[in-house]
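What Swiss-Prot records for C72, C74, C87, C90 is Zn(2+) 1 binding site. Per Swiss-Prot, Mg(2+) binding site is recorded for D462, D464, D466. According to Swiss-Prot, the Zn(2+) 2 binding site annotation covers C816, C890, C897, C900.
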Amino acid sequence: MNLLNLFNPLQTAGMEEEFDAIKIGIASPETIRSWSYGEVKKPETINYRTFKPERDGLFCAKIFGPVKDYECLCGKYKRLKFKGVTCEKCGVEVTLSKVRRERMGHIELAAPVAHIWFLKSLPSRLGMVLDMTLRDIERVLYFEAFVVTDPGMTPLQRRQLLTEDDYYNKLDEYGDDFDAKMGAEGIRELLRTLNVAGEIEILRQELESTGSDTKIKKIAKRLKVLEAFHRSGMKLEWMIMDVLPVLPPDLRPLVPLDGGRFATSDLNDLYRRVINRNNRLKRLLELHAPDIIVRNEKRMLQEAVDSLLDNGRRGKAMTGANKRPLKSLADMIKGKGGRFRQNLLGKRVDYSGRSVITVGPYLRLHQCGLPKKMALELFKPFIFHKLEKQGLASTVKAAKKLVEQEVPEVWDILEEVIREHPIMLNRAPTLHRLGIQAFEPILIEGKAIQLHPLVCAAFNADFDGDQMAVHVPLSLEAQMEARTLMLASNNVLSPANGEPIIVPSQDIVLGLYYMTRDRINAKGEGSLFADVKEVHRAYHTKQVELGTKITVRLREWVKNEAGEFEPVVNRYETTVGRALLSEILPKGLPFEYVNKALKKKEISKLINASFRLCGLRDTVIFADHLMYTGFGFAAKGGISIAVDDMEIPKEKAALLAEANAEVKEIEDQYRQGLVTNGERYNKVVDIWGRAGDKIAKAMMDNLSKQKVIDRAGNEVDQESFNSIYMMADSGARGSAAQIKQLSGMRGLMAKPDGSIIETPITSNFREGLTVLQYFIATHGARKGLADTALKTANSGYLTRRLVDVTQDLVVVEDDCGTSDGFVMKAVVQGGDVIEALRDRILGRVTASDVVDPSSGETLVEAGTLLTEKLVDMIDQSGVDEVKVRTPITCKTRHGLCAHCYGRDLARGKLVNAGEAVGVIAAQSIGEPGTQLTMRTFHIGGAASRAAAASQVEAKSNGTARFSSQMRYVANNKGELVVIGRSCEVVIHDDIGRERERHKVPYGAILLVQDGMAIKAGQTLATWDPHTRPMITEHAGMVKFENVEEGVTVAKQTDDVTGLSTLVVIDGKRRSSSASKLLRPTVKLLDENGVEICIPGTSTPVSMAFPVGAVITVREGQEIGKGDVLARIPQASSKTRDITGGLPRVAELFEARVPKDAGMLAEITGTVSFGKETKGKQRLIVTDVDGVAYETLISKEKQILVHDGQVVNRGETIVDGAVDPHDILRLQGIEALARYIVQEVQEVYRLQGVKISDKHIEVIIRQMLRRVNIADAGETGFITGEQVERGDVMLANEKALEEGKEPARYENVLLGITKASLSTDSFISAASFQETTRVLTEAAIMGKQDELRGLKENVIVGRLIPAGTGLTYHRSRHQQWQEVEQETAETQVTDE
């Protein structure tokens, strides 16, 4: 395989100009010989005495070039003047020794050998082409059987296998009328005589005529391979090799170690084996040795070549002297240490250094402190240049000396060189693009890099010994890009969610909080001040304190109509601290933003507001000032932690005693047998959970308030100045939960498997733990540490897969012109709005006009980017859904358009062309991955009981609306009974916006009507949580069928009430075999005794009772619509483990089918049940035209529908987790996207991580990029093959233009790993996973990599087609086209 075009330095081929694609194919023997500079005939490497390479050996200088620059081997020709001369004595050409890195040799094999990649990588390509099984081909190749290559006139079949005995018998019988061969020769003969074009024709006909699915799949696969060979002009027999290329010697070096030993590359060993065996075989053939010996030697040669190409792929791996398997050519390129991931995608670079980081609290945001020693080393060449320019040194050598002596002038020059020259800092792991940022260096003494505290959040850095790397951008372009795009002060917003990432934390927050808190009756309370300067004087002369409440006149800056600032003076009631803080506010930011106690969230809002109102530059300056102020007041405040700050609540002892008494009572009940062990455990856990909460509440009440005397002399409560409370309250450090452990009680602990230990830890850290309590605590804590280590690796792998699947998504055009999009609504769960509509549509582009619901006028036209102003307007006008453009529906073929993506979150305006949005999406989802939990949650005691709700209440005033799936009937009492499966009551506020959405189960009684006005707290619906009713939709007289006591039903009498009921028995447990198949059903008769039919059909109403149903009606009873026929007791809802955290995100993106997946209705129609099989029930859905769709469902599963019920396509009919593939098939792309976005967001929301929906949508786009051809039409695709969506669109457009029939296709959902591997670019796929398979397939297909993605371009070393690289490539293409046009024109004129 000529993979080598990946590796050889491209200059040698005279390819100075850029290339735009790389093609891979199978090398023909002629090609291999044309690469070669001579045949390697001997296995010798170098002479152990002279260290000179042996002639014709593996390191031969005659073949591969001289060992020393411009010097032949025997030393006759030396120096440059003989360049190009070939020495007549030793035959070596005089040239540079680096040609030994690129000159190849070859080995002429004495017998053909099959290439193991085409034989063994599944599915076997040789097997596919020849239509033989891998086992058969191996038997032929490894000389266990003959294969008939030409049957002649005999009854033998072509490709038939014969054992040795068979062969000799047939020889006796038919003489030489037929040909049969053994080994690679036989296979090669078969390949050579295969008529590819004819075979394709036959297969196409077979495809038309056959009906079986497996056959179609098999034929389609074979067809694909044969067509690829036909198209690319490669010959089938090239998969069998006559000539073996030999890698250039400097790529498989042999290095002499001291003591006469050698370190060598494994490849040399492998090559030696091949040459030895090949030479032995040649000799045997010359001697006409017996067949059996020759065959053995040929087999050994085949095995030696196998090992060289891919050791260990077949049989045992060849091992070296030390028993470890040798590293073959295939091992060189695959895996983490292989060529792709080690050397091509990540390289070590020059002009870099690393050191420990420390705090630089006096720096400005765009600066960092760089140790002088490091700077001197990093900027050496610049310093040499300056020294020479200033005449202080005449040569580089002299300059070097000066620098090493560190003469004073050098430091002055260093200052000069470093000025305005940004450097890049990087902290590993680089999880998102903010892991590398540019700074202007400030020279400092010492050896540690100083980092600005506000960028720590982006780097996820702290100062407990973290190290960071420094890189110097050298070229002018690189410096420009670093300064304009990467400078820390240009990256204020996070690309994941558009919120500021430069947010103060810890000490700064604490200082600002302390500064802006107010105190009751502080010194000088109630004073009035003329301006801030006066406040300053009063504060510094100690007339007032920091927290004193005062009134002050403040000057604010407001924009007028012309957009210029003018001062406005207002009086504010505020505190001294806030008034002082107002001085650093940027122009245009109102004072009310700081006129409150600043906690972390408030500070974040403050910076966000500043960015939106005052722009980037002012915000950066403001952030810096906030930092200096915060640090200053944190120091002056002297807030520290003392043991006495952890106040233990007085009520603790009483609360503990109470809880202990309750537990004792439960234990007694358990001993008397009144409760089961499970109930006892749940209740005990419950009691202790509540006790812990009560103690925590008492403690917080105690901590958060303190009694003070106000000016009037009354005792009042004010917020406490307890240090620990202030730290937690401000959001600087710690939380209520941690304070609870310090001075409340530690509470319940979990075992490593997630279950809760019922003995709580009643002490806290201040009191100290007993030995037993300490042991219980360590149990779960250790799990946490193990989790964290695993989590990091898993999260990294998820990120890698995400990056791989999206790496070629770049914004390439401004607008694709589509009007498709998704309808966005607020996310409502239960009764709460989790994410408001404005947050979901902010920064998107509208797909259709947004219309005011009350007046009907257009608020926003289609194609508008929604800014803060616009979304606020939409919000106020009461619009509850907006159709916006989304990456999933973008029509751009390779890449995305700016309008479908919307706002670039990190810049706050429409995304630029060239932005690598795919990678940004992958990083935004992967980066918080390390914060997600690994554990799958077990719902503990307290949570599972809350699940058995029996009614639902409105939380707000408004109007009740029923969802479109809502189906209900009114019963005789006039109650509305729900008979639909996925019914919801939605509550809209007075302007028609959705406020809450409640699911209502089947059989619930609705207490509201559609369109009714309701009050908060009103009950909307009630139901019995413990049973599931079976409800009739028709009225009539009950007539039972197959309801026989003792056969299909059993009578049960309640001991307490004495009432008897009928319960349906499970078919397996019935006595006679005949009764096993009987299904107890109920039919309805009208007053004339005729069976009632389903309206509009002639099918009688018939409803089957499921197993375990308690029948509540009697034979002959008159019933009305909505009456209950039977109740099915619900098993107390089993606590299903919900997969949470990282594994859940991975599961969604890998599009895995969930365990125990639920089932959706394939068609809209009526449900009935067919004949049961042993463990399964047969569920039939019949549509309006009477077409039935059957499925078998195992009896353990809970079927949510019953006989005669009408279901809609895509509605859930069997309980369980939903399979995303089903959603796509039955409900379409929008429903699927909504499901995945919702589920992924759910996981991140639990951890309090904000990620913009569009990142998830970008990944969904990539998961949906392939389609299955359902009917090829006249497009040349093969029915059933998987192709890129863009290719089908293009082919269909072309077909329609030519008036041909377009192809029909079905959407396919691929998991991210699969999607990465099925990409068009083989280079990208090979560098991701399964390198061997990807390259084999690509070579057979003769694939061409268009180098569209980022990865392929990094690998071949071009500028990536994103950012500035996009414009570079575009202008290059334009120039090239212009040149082509010119040449075409000149040719025309010449002619």
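Keep in mind that glycine also has a Cβ here, set from the backbone N, Cα and C atoms.
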Quiz item: Which number gives the other C-beta atoms within 10 angstroms of the C-beta of D464 (Mg(2+) binding site), all protein chains shown included?
Solution: 5
Quiz item: To test your reading of the Mg(2+) site: which residues beyond D462, D464, D466, same chain only, put their Cβ within 8 Å of the Cβ centroid of those residues?
Solution: I357, A461, F463, G465
Self-check item: For the Zn(2+) 1 site built from C72, C74, C87, C90, further residues of that chain with CB within 8 A of the site's CB center
Solution: A61, L73, G75, K76, Y77, K89, G91, V92
Practice problem: Count, for each of the binding-site residues C72, C90, C900, the other C-beta atoms lying within 10 angstroms of its own C-beta, and report the residue with the smallest count. | Solution: C90
Quiz item: In whole Å, how far is C816 (Zn(2+) 2 binding site) from C90 (Zn(2+) 1 binding site) when you measure between their Cα atoms?
Solution: 66
Quiz item: Between the binding-site residues D462, D466, where is the Cβ count within 10 Å the lowest?
Solution: D462
Quiz item: Including all protein chains displayed, how many Cβ atoms other than that of C890 (Zn(2+) 2 binding site) lie within 10 Å of its Cβ?
Solution: 26
Self-check item: Minimum Cα separation from C897 (Zn(2+) 2 binding site), reported as the residue among binding-site residues C72, D462, D464 that achieves it
Solution: D462
Self-check item: Candidate nearest C87 (Zn(2+) 1 binding site) in space, where candidates are the binding-site residues D462, D466, C890, C900 and distance is Cα-Cα
Solution: D466
Quiz item: Of C72, C74, C890, which binding-site residues come within 10 Å of D466 (Mg(2+) binding site), going by C-alpha to C-alpha distance?
Solution: none
Quiz item: Nearest to D464 (Mg(2+) binding site) in three-dimensional space, by Cα, is which of the binding-site residues C72, C816, C890, C900?
Solution: C900
Quiz item: Of all the binding-site residues given, namely C72, C74, D462, which is spatially nearest to C890 (Zn(2+) 2 binding site) at the Cα level?
Solution: D462
Quiz item: Roughly how many Å separate the Cα of C900 (Zn(2+) 2 binding site) from that of D462 (Mg(2+) binding site), to the nearest whole number?
Solution: 38
Quiz item: For C900 (Zn(2+) 2 binding site), which DSSP three-state class applies?
Solution: helix
Quiz prompt | Cα within 10 Å of C816 (Zn(2+) 2 binding site) - qualifying binding-site residues among C72, C74, D462 | solution = none
Quiz item: In Å, rounded, how far does the Cα of D462 (Mg(2+) binding site) sit from the Cα of C72 (Zn(2+) 1 binding site)?
Solution: 59
Quiz item: By a simple count, how many Cβ atoms lie within 10 Å of the Cβ of C87 (Zn(2+) 1 binding site), its own Cβ left out?
Solution: 20
Self-check item: Lowest local Cβ density among C74, C816, which the record lists as binding-site residues, within 10 Å
Solution: C74
Quiz item: Can you list the residues of the same chain, besides C816, C890, C897, C900, whose Cβ falls within 8 Å of the Zn(2+) 2 site's Cβ centroid?
Solution: E813, D815, T818, R885, P887, T889, K891, T892, L896, A898, H899, Y901
Quiz item: For C897 (Zn(2+) 2 binding site), what is the tally of other C-beta atoms lying within 10 angstroms of its C-beta?
Solution: 22
Quiz prompt | Where C72 (Zn(2+) 1 binding site) falls in three-state DSSP terms | solution = coil
